[in-house]
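These notes concern the structure reproduced below.
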Amino acid sequence: MNRLYHESEDWVEQGACRQYDPELFFPVSTTGPGQHDAELAKAICRTCTVRRECLQWALRAGEPHGVWGGTTPEERRYLRRDLVPTG
Ligand code: SF4
């Protein structure tokens, strides 16, 4: 977790990722060589009590990098597309 960005967010203090190397949550890719790290980070997120808050923050912020709220950047792009009103 990038703590510098989110010091004002109360939920940050409760993130399960605080117990792990932050680099795990910023894999070089979500396929190929980085896929294992991305899957491991997502598994940690599934145990996290503040996953919903984290995902909401990442979607609002348009966070382009890293695993947040159990999602990769690609998954968040899909989620944001679903949230954008059409017409
Ligand atoms: S959902 Fe994942 S990235 Fe977000 S605080 Fe929890 S463990 Fe960290």
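Each residue, glycine too, has its Cβ placed from N, Cα and C.
What TrEMBL lists as domain '4Fe-4S Wbl-type' is 16-78. Here TrEMBL flags Cys17, Cys45, Cys48, Cys54 as [4Fe-4S] cluster binding site.
Locations of recorded TrEMBL features on the structure.
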| residue | record | DSSP (3 states) |
| --- | --- | --- |
| Cys17 | [4Fe-4S] cluster binding site | helix |
| Cys45 | [4Fe-4S] cluster binding site | helix |
| Cys54 | [4Fe-4S] cluster binding site | helix |
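The average pLDDT for the domain '4Fe-4S Wbl-type' (16-78) in the predicted structure is 95.
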